[in-house]
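Annotated features in TrEMBL:
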type: BINDING; residues: CYS99, CYS102, HIS103, MET222; note: heme c binding site
type: DOMAIN; residues: 86-256; note: domain 'Cytochrome c'
type: TRANSMEM; residues: 38-60; note: transmembrane segment
type: TRANSMEM; residues: 266-285; note: transmembrane segment
Amino acid sequence: MSHLQKNFILRVSPVNTSFIRKIKTYFSKKSKNWQKKAIGAFGLLIGGTGVLICTLNSSVRASILELHPPKNRWGHQGLFTALDHASIRRGYEVYKQACISCHSLRYVAYRHLVGVTHTEAEAKAEAQEQMIVDGPDEEGNMYERPGKLSDFFRPPYPNEEAARAANNGAYPADLSYVVLGRTHGEDYVFSLLTGYCDPPAGVVLRDGQYYNPYFIGGATAMGPPLFDDSAEYADGTPAYASQLAKDVTVFLKWAGEPEFDQRQRMMVKLLTAGSMLMVAVWFMFRFRFMTLRARKFQYRPKGDKHICDKH
C-alpha cells in the first residue's frame with residue numbers, strides 16, 4: 001500500500017466513523033419516537049374501548065327500570081362486629097311463618113341452628129315438625145319420617161314444575177345465598193321486601209304481577225310478603241313490617257355465611273398476632289440491624305492532619 005493510500009484512509013476513516021454514528025443516532029431517535037407513538041396509540045385505543053364499553057353498558061342499564069336500594073347501617077358490617085343472634089332467631093321465625101311456603105333453603109340444615117339460634121333440644125323439636133321423604137325401604141317404597149338434626153330444610157315443592165304451576169309460571173328462588181348473590185346484599189333484600197307500591201303512570205302490569213321498583217323491570221310475580229303483625233315473635237318484639245324485613249334479612253345473611261362469626265374471630269386473632277409480630281420485627285431491626293446500617297467507612301490517607309494518633 002502506497003503512502004498516499006494510507007494518508008487517504010487515515011483522513012477519511014474518522015469522517016466515515018462520525019457519519020455512521022450520526023446515522024445510528026438519527027435512526028435510534030426515530031425508533032424511540034416511533035415506540036412512543038405506538039405506545040400512545042395503543043393507550044388511546046384501550047381507553048377508547050373502555051369508554052365505549054362503559055357507554056354501552058350505561059345505555060343498556062338505562063333501558064331497564066331499576067331503583068338502587070339505599071345504604072343502611074347493619075350492625076354486623078363493622079370490623080370487629082358479629083351477627084345479632086337474637087335477630088337471626090327472629091328472622092328464622094319470620095321465614096318459618098311467611099316465606100317457607102314458597103321459598104326453599106336447601107343448603108341449610110337443622111344442625112346449623114344449634115348454638116346459634118336454638119339449643120340442641122329446640123333444634124331437634126324444630127326438625128321433628130317436618131316430615132322428610134326418605135327411603136327406599138325394604139320393599140322399594142319411599143316413606144315419610146320426622147326430621148332429624150342432620151336433615152336439610154324441606155323444600156315446599158317436590159320439583160321445579162310443581163313450583164311453577166303453583167306460582168303462575170314463576171319459579172320461587174332458593175334463599176340460601178340470596179344475600180350473597182345480589183350486588184347490594186342486605187340492602188337489596190330489605191328494600192325489596194319493603195318497597196312494594198302502586199305502579200306509576202304508564203306502567204302496565206299483567207294479571208298476577210306486582211310493582212316493586214327495586215326489582216329489575218319493576219314487575220314481579222311475588223306479592224308483598226310482609227305486613228304489620230303478619231308474623232309473631234316469641235320474645236314479644238313488635239312485629240312491624242320493617243322489623244320483620246330486617247330480621248329475615250339478617251337470618252338470610254347468616255344462612256349464606258354460617259361461618260361469619262368464626263371468620264370475624266379469626267380476623268381478630270390474626271390482627272393481634274400480626275401486631276405483636278410487627279413490634280418484634282421492629283425491635284429486632286432497631287437493635288440488631290441498625291448498627292450495621294449506620295456503620296460508616298471512611299478512607300483517610302496517612303498524611304491527613306485530622307487523624308489523631310491513638311498510640
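The backbone N, Cα and C atoms fix where each Cβ goes, glycine too.
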Across all the protein chains here, work out how many other Cβ atoms are within 10 Å of the Cβ of HIS103 (heme c binding site). 21
Report the residues of the chain - excluding CYS99, CYS102, HIS103, MET222 - with C-beta within 8 Å of the mean position of the site's C-beta atoms, for the recorded heme c site, in sequence order. ALA98, ILE100, SER101, PRO172, ALA173, LEU175, PRO225
If you count other C-beta atoms within 10 angstroms, which of the binding-site residues CYS99, CYS102, MET222 is the most crowded? CYS99
Which whole number is the mean pLDDT over the domain 'Cytochrome c' (86-256)? 93
How many Å separate the two farthest-apart Cα atoms among the heme c-binding residues CYS99, CYS102, HIS103, MET222? 11
